[in-house]
Amino acid sequence: MIGYAVGLGNVWRFPYLAFQNGGGAFLIPYLIMLCVAGLPIFFLEVSLGQFCSQGPLGAFRGVPIVKGLGFAMVVISVYVGIYYNVVITYTLFYLFSSFTADVPWRGCGNPWNTNECVDSHLTANVTCLTNITANSTGLFLENNLTDFASTILPNVSSAAGFNQSLVNTTCLDRVSPSENYWKNRVLGLTDGIHNLGSVRLELVLILMLAWAIIYLCLLKGVKSSGKAVYFTATFPYVVLTILLVRGLTLDGAFDGVVYFFKPRWELLKESKVWKDAATQIFYSLSASWGGLITLSSYNKFNNNCYRDSLIVVLTNSFTSIYAGVAVFSVIGFMANVLKTDISKVVADGPGLAFVVYPEALSQMPISPLWAVLFFLMLFTLGLDTMFATLETIVTSFTDVFPTTLRRHKALFTLAVCVVLFLLGIPLVTQGGFYYLHLMDSYAASYTLILCAIVEMLAISYIYGLDRFCDDIKLMTGKAPGLYWRITWSFVSPAVLLFIFIYSLANYKPLKLNDYAFPPWANAIGWLTVASSALLIPAVAIFQVASRDGSFFERLKSACKPERKWRPYLKQDRTGRYAPKTDIFFPPVDNRSDSPICDSKARLFYSPDSSMSSMTSAT
């Protein structure tokens, strides 16, 4: 679960949000939201999965009217599985490209570089790049650009071979070699989502390799993936520590760390800061994806899930802060090299992982070594998340069709991998990154919050908070305290409802840097939201309609636990879930005064015996 919860977002999103929302002051709303939203929903889902030993499709048999939550979670996991593995493909592309004498994104003399490319190794002191044309031909400058800029440009009117009228003093947009490499070499990015371009064959092959690795790790279910994560969940911490130690020894690193932690208290008055803190906690813990329910379903029934929840949640938050220090130490170094403000270097998401950080790595001695470590770390971070995501999809279906699919689980897992690989191919076209950004922004956002709200309200007010607490006591021997009851029934749903309403009220059409997505693309995004969110009311309607009686009788029936709702293993069914004694009364045999015994009976009964004289069958 640590591997699942700790993912790419801890490295490329938390540092950016902390910087943007008050630096060290951001930790205050972050830790508050951790207590009132993150930890409660995490513990609830882990307890739910451990109790019933089922994936998302079977975990809500205790509240049949919201069984659509399980379907919504599986659909979300399918969407995430399609595009998240494409991100892993990018990390593998960079990883393979780093096994060279020098990293390929250094310098501007490559076929993929544009005229706006500026080598930061040569232009550390240049603040404005002047567009110079000679004989109507663009002059591409790379070597000795610093000397040229500082010596020739100020005296260009007297320099031999140049004419003042040929100098255009308009400053050009500065593009780093790493940005050119990301957009032109890796993505081959087109001008918009309307233009898919051609399929990037290299990326298709690497995507196939990524799915092959995931399948081999999941070949025997959690038995094989559980062994794999001993490496994939711990290795990122080793690399983060190495990068942190190396980063802190670089010039300007201290400035970057100070910038990361420097509190800007005035920002705490803004609601956006609190919304971002809650969102980051919620998404980084991977709640409502179904993965937590799936992984905890493999726990032993009496496992201390309370302890596990605390360990995983606190480890996740520690990793975010730890990664922030490691990232900002390198960003501070990069700002020092470029002689620019740190705020101009910081980026979010893929911009940090595939543009800013590679550019910083290229500034270090022995750059390929640090690049290999960094992208291997990103690969293992993403791999853990994919393990749980794919296991969620597979387990959900094998729980629903145990006799058909469970005995052929390896084959079914292979089929799911092949299908998701084929669905991911459009995302590795030249315009595929636009669709990846679209899916990431819509498919795994609004529905997650909605699922969490419905989930907590259904457990608290339909299934019954007391009953749920009794179930946890049955597993752990201790009932949840007042903190859990208050957060589950009121505080956490209220906080998430605020986030949901705030997000909708401040909705803006999607953009990628300066590119605005057209209305039809945003409509596709909302359709992905609807395809999962509408499953909740649709299944609720089906549950009510498929039962007998008046409307209120049907509604009441749909809110009661199904007969199959109980601990999965017979030895764990105690208390209210203990098997009821079946008393069998066979017809009286007048031909004999001897007791009558039926092979199916739990008790003997004699015609002249009373209830008190019944004896247990052997």
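A Cβ is built for glycine as well, from the same backbone N, Cα and C atoms used for every other residue.
Predicted automatically and left uncurated, TrEMBL annotations should be read as such.
Sequence-distant neighbours of the transmembrane segment (27-48) (same chain, 6+ residues past either end, Cβ-Cβ under 8 Å): 1, 18, 21, 59, 268, 273-274, 277-278, 280-282, 285, 287-288, 292-293, 296, 305-306, 308-310, 312-313, 317, 321, 452, 455-456, 459, 468, 471-472, 475, 480, 484, 487-488, 491-492, 495-496. Per TrEMBL, transmembrane segment is recorded for 27-48 (among others).
Packing against the transmembrane segment (69-96) from elsewhere in the chain are residues 8, 55-60, 186, 202-203, 206-207, 209-211, 214, 288-291, 293, 350, 353-354, 358, 371-372, 375-376, 378-379, 382-383, 385-386, 389-390, 392-393, 396, 420-421, 423-424, 427-428, 432, 435-436, 439-440, 443-444, 447-448, 451, 454-455, 458, 528, 531-533, 535-536, 539: each is 6 or more residues past its ends and has a CB under 8 Å from a CB in it. Marked as transmembrane segment by TrEMBL: 69-96 (among others).
The feature transmembrane segment is assigned by TrEMBL to 203-222 (among others).
Tertiary neighbourhood of the transmembrane segment (234-261): same-chain residues 6, 15, 18-19, 23-24, 319, 322-326, 328-337, 342, 364, 370, 373-374, 376-377, 380-381, selected by CB-CB distance under 8 Å and a gap of 6+ residues from either end. Per TrEMBL, transmembrane segment is recorded for 234-261 (among others).
If you look up TrEMBL, you'll see 281-298 (among others) marked as transmembrane segment.
Sequence-distant neighbours of the transmembrane segment (310-335) (same chain, 6+ residues past either end, Cβ-Cβ under 8 Å): 1-2, 5-6, 10-11, 14-15, 18-19, 27, 30-31, 34, 38-39, 42, 237, 240, 243-244, 247-248, 250-257, 259-260, 280-281, 284-285, 341-342, 344-346, 352, 356-357, 359-361, 363. According to TrEMBL, the feature transmembrane segment maps to 310-335 (among others).
For 369-390 (among others), the entry in TrEMBL reads transmembrane segment. Counting only same-chain residues 6+ beyond the ends of the transmembrane segment (369-390), those with a CB under 8 A from a CB of the stretch are 1, 3-4, 6-8, 10-11, 77, 80-81, 84-85, 87-88, 91-92, 94-95, 98-99, 103, 213-214, 217-218, 225, 228-229, 231-233, 235-236, 239-240, 242-243, 246, 286, 289, 291, 294-295, 353, 357-358, 361, 413, 416-417, 420.
Per TrEMBL, the feature transmembrane segment maps to 411-436 (among others). Below 8 angstroms of C-beta separation, residues 78, 81-83, 85-87, 89, 187-190, 192-200, 203-204, 207-208, 211, 214-215, 218-219, 221, 390, 393-394, 397-398, 405, 512, 515, 517, 521 of the same chain, each at least six residues beyond the ends of the transmembrane segment (411-436), sit close to that stretch.
Marked as transmembrane segment by TrEMBL: 442-462 (among others).
The annotation transmembrane segment is assigned in TrEMBL to 482-504 (among others).
The transmembrane segment annotation in TrEMBL covers 524-545 (among others).
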Considering the transmembrane segment (482-504), which listed stretch of 203-222, 281-298, 442-462, 524-545 counts the most C-beta pairs under 8 Å: 442-462
Cβ-Cβ under 8 Å with the transmembrane segment (281-298): same-chain residues at least 6 beyond its ends: 1, 4-7, 9-10, 13-14, 30, 33-34, 37-38, 41-42, 45-50, 52-56, 59, 70, 73-74, 76-77, 80, 222, 305, 308, 312-313, 316-317, 320, 385, 388-389, 391-392, 395-396, 444, 447-449, 451-452, 455, 496, 499
